[in-house]
């Protein structure tokens, strides 16, 4: 009997202390997503008439109080205590990470519940972006946001690669038609993208085609501008050449006009004998001053010859006279005195 009583007493003591510790304190870890709302639910707790006051605190700072069915204290609008005692935190940010504690009291002010929560926040993953190249037979899966996530790549429903990094690069064996799915997930979120790739062996990559088209357009614009520039330069050069030819023509004409002597109309040449035609070859040259005798004509005496020559010589025109006066004065012929008639007859 004594041994049985001792065993029973030991069992009751162990159960009492263990149950008391479980009710009094629990450290619960909760993961939340940034920019989302979260509820801190009290496990195995149900509101009753005996519970009068519920207080929530973060660290040593009281943030909310619920008493007699209504909110009596609220640090800011981010925190709210629901009717079942749950704490709701709106639009989570990094400052909301930490340890939260809840205490429940009955009408006598006795603490009937005490729980502790540790809140950790994670960034939600973004939707994966899948890109590929038919030329290089490569496929890339990439995410831009997320913490503590895992990236997985599936080919025709079968997982072929996974990585904790933000990028997965997969080298395909051929350009056959294939279905790919990329999934990114962490504890608080999950996103996925799917694509069906159709590449032919002799096909061109869309980026290569776009590059060729863009290069052709740039080349066409360059050639058009070059042709326009060349035609414009040709027009300017032809116009300049025409102007130079016109200036040269005016210059030549003005020089030719300056070289020609100023002739006065009605003037006679200085040497009338030079303008006369040469005598026929049958005529022999005669001595100067000898004139052919006409039959039946009597030669005049020397005095009469001089007078006769002076009468036959035409009077110089004003233009010729002016032209002759420019040079040195010409010698004037001597006029022999007429011999008396008696002397001529006696001789």
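In case you wondered, yes, glycine gets a Cβ from its N, Cα and C as well.
Positions annotated as domain 'Ig-like V-type' by Swiss-Prot: 25-123. Under the heading domain 'Ig-like C2-type', Swiss-Prot lists 124-199. Among the features that Swiss-Prot reports, N-linked glycosylation site is placed at 27, 68, 84, 129, 136, 185, with the record citing sequence analysis. Swiss-Prot lists 101-115 with the feature region 'CD58 binding region 2'. For 283-303, the entry in Swiss-Prot reads region '3 X 7 AA tandem repeats of H-R-P-[QL]-[AVP]-P-G'. The annotation topological domain 'Extracellular' is assigned in Swiss-Prot to 25-205 on the grounds of sequence analysis. Residues or ranges marked as topological domain 'Cytoplasmic' in Swiss-Prot: 231-347. Marked as transmembrane segment by Swiss-Prot: 206-230.
Recorded features from Swiss-Prot, shown on the structure.
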| residue | record | contacts (Cβ under 8 Å, 6+ apart) |
| --- | --- | --- |
| 27 | N-linked glycosylation site | 116, 117, 118 |
| 68 | N-linked glycosylation site | 52 |
| 84 | N-linked glycosylation site | 41, 42, 45, 46, 47 |
| 129 | N-linked glycosylation site | 141, 142, 143, 144, 193 |
| 136 | N-linked glycosylation site | none |
| 185 | N-linked glycosylation site | 125, 149, 150, 152, 191 |
Outside the region 'CD58 binding region 2' (101-115), six or more residues from its ends: residues with CB under 8 Å to it: 23-26, 28, 40, 42-43, 45, 50-58, 85, 87
In three-state DSSP terms, the structure that residue 27 (N-linked glycosylation site) belongs to: strand
For the domain 'Ig-like C2-type' (124-199), the mean pLDDT of the predicted model: 92
Counts by DSSP class (helix H/G/I, strand E/B, coil) across the region 'CD58 binding region 2' (101-115): 0 helix, 11 strand, 4 coil
